[in-house]
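Each remark here refers to the structure printed beneath this line.
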């Protein structure tokens, strides 16, 4: 019964958050069970473009390291802030949300080439946190009961936490940079004099993922109009 209740709760999570979180957990479980090796997942341009191992373009965003504190820490932030974005500013806009993932993933991959970064899941997490924090600047965040501050400081707190753990902050900086580029192009530039939206979600994504909108000029047929039942 507990398992059924957990599954029912999980199925209430928005689709993109549910799919990405599940993919991350399943990938880590496969590595933990030695069904996969991290060497099959990491981003390697030579193997991608010369050996056509194109899955690495995706799998490097799904692996957060072996089961441990770092994995659960990242999963907590992925699930929480991905869900809040999808249920908040992207509510009813699944295609736009997926396009943000695609834009961020492509840009991180290109910039990651410069820094020889092999796994970019943490950078994607920081990007999600950054976009949420800029769209909710008045929200006060409690950081593990230690600090309380306005939401825009959260990405920087995460970077500081990585530094305290002895990790490289290059991945965090990449996530912040890509998150800021997305936020500027999507939220800031279109509202400037002479500005316009440059990030346009492809129509095929909208057809696939978004519910069709009703045509305001549609006139129903007489038999479709509500009225008394005819005997």
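Backbone N, Cα and C atoms are what each Cβ position is placed from, and that goes for glycine too.
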>> Quick test of your reading of TrEMBL: among 20-42, 204-226, where does it put transmembrane segment?
In response: 20-42
> What same-chain residues lie close to the transmembrane segment (164-185): Cβ under 8 Å, and 6 or more beyond its ends?
Replying inline: 70, 100, 103-104, 107-108, 111-112, 115, 117, 120, 122-131, 134-135, 155-156, 158, 197-199
> Counting only pairs at least 6 apart in sequence, do the transmembrane segment (20-42) and the transmembrane segment (99-132) share 3+ Cβ pairs under 8 Å?
Replying inline: yes
